[in-house]
Amino acid sequence: KFCEKPSGTWSGVCGNSGACKDQCIRLEGAKHGSCNYKLPAHRCICYYEC
């Protein structure tokens with residue numbers, strides 16, 4: 001099971017899930033990452049093991 005947390009290093013709207021994933025894994029120690037719609041825009045969300 002994964003817990004999601006907004007990226008702490010991504011700024012602005014997320015338009016590239018691949019780049020978001022790489023940044024979550026490389027910079028934040030997450031297992032995965034993707035662009036998800038969170039009001040008011042697409043955000044980079046990182047996924048961690050709960």
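Placement of Cβ uses the backbone N, Cα and C atoms for every residue, glycine included.
Record source Swiss-Prot places CYS46 in a disulfide bond whose other cysteine, from CYS3, CYS14, CYS20, CYS24, is CYS24. Of the listed cysteines CYS3, CYS35, Swiss-Prot assigns the disulfide bond with CYS14 to CYS35. Looking at CYS3, CYS44, the record from Swiss-Prot puts CYS20 in a disulfide bond with CYS44. Note: the Cα of CYS20 (disulfide bond) and the Cα of CYS3 (disulfide bond) are spaced 16 Å from each other. For CYS14 (disulfide bond) paired with CYS46 (disulfide bond), the C-alpha to C-alpha distance reads 12 Å. Using CYS24 (disulfide bond) as the reference Cα, a 10 A cut-off selects none from the disulfide-bonded residues CYS3, CYS35, CYS50.
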